[in-house]
Amino acid sequence: MKGLLRSFGYAFRGIGFCIVHERNMRIHLTAICYVTAFSLFFPLSRGEYAVLLLCFGLVPALEAVNTAVEKAVDLSSPARHPLARVAKDAAAGAVLIASLAAVGVAVFLFARPEGFQNLFLFFVAFPWAVIPLAAVTALFVLFIFRGPFGVLSFLRHPGKKDGVTSSSGPDRLD
């Protein structure tokens, strides 16, 4: 049992590394948050939500595999090599294919006028909701470009002229 718990710890450490050091992972996580919120305005079935969940798992999982391939290639081949490039490009291509498929799924699921009408009516009924939406969007932009430590720095020191640091956290590797 102890080994199982330890393996989960390693997995979470790997996920954390990707979130801290990989901007594309942060983009995927941000997209997942927005799609989840957006989906609440659409009459999606359980099956349609299941497809969304598969996309939500597949794209970040492939991004983590891409990161693992990149780091393993960097470790084994510090100098530039054509095969190292092929490995990295193929791993990145896998993420791109899954991301494009996820966008296709979203287009099919959200191509419903009643969902957009619900969204419009929500903002008509609660126009003040634009303010928290703008604040959350600003935090997500900060999260994407500065990482989780950049968001924490900004929230801790909002009065500073540059409330964010130039790195995404300790031991920045990218």
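Placement of Cβ uses the backbone N, Cα and C atoms for every residue, glycine included.
According to TrEMBL, the active site, proton acceptor annotation covers Glu63. Around Glu63 (active site, proton acceptor), a 10 Å sphere centred on its CB holds 24 further CB atoms from the protein chains shown. In the three-state DSSP classification, Glu63 (active site, proton acceptor) falls within a helix.
Sequence annotations record features per position, and here TrEMBL assigns ATP binding site to Tyr10, Glu22, Glu70, Lys88, Asp89. For Asp89 (ATP binding site), no same-chain residue lying six or more positions away in sequence has a CB closer than 8 A to its CB.
Annotated divalent metal cation binding site per TrEMBL: Glu22, Glu70, in sequence order. In the structure as shown, the Cβ atom of Glu22 (ATP binding site) sits within 10 Å of 21 other Cβ atoms.
Annotated substrate binding site per TrEMBL: Glu63, in sequence order.
The transmembrane segment annotation in TrEMBL covers 27-44 (among others).
Residues annotated as transmembrane segment in TrEMBL: 90-113 (among others).
Summarising the annotation, TrEMBL assigns transmembrane segment to 119-145 (among others). Long-range neighbours of the transmembrane segment (119-145) within the same chain, counting only residues 6 or more positions beyond its ends whose Cβ lies under 8 Å from a Cβ of the stretch, are 23, 26-27, 30, 33-34, 38, 41, 151, 154, 164.
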Any idea which of the binding-site residues Tyr10, Glu70, Lys88 has the thinnest Cβ neighbourhood at 10 Å?
-> Tyr10
Could you tell me the C-alpha distance between Glu63 (active site, proton acceptor) and Lys88 (ATP binding site) in angstrom, no decimals?
-> 12
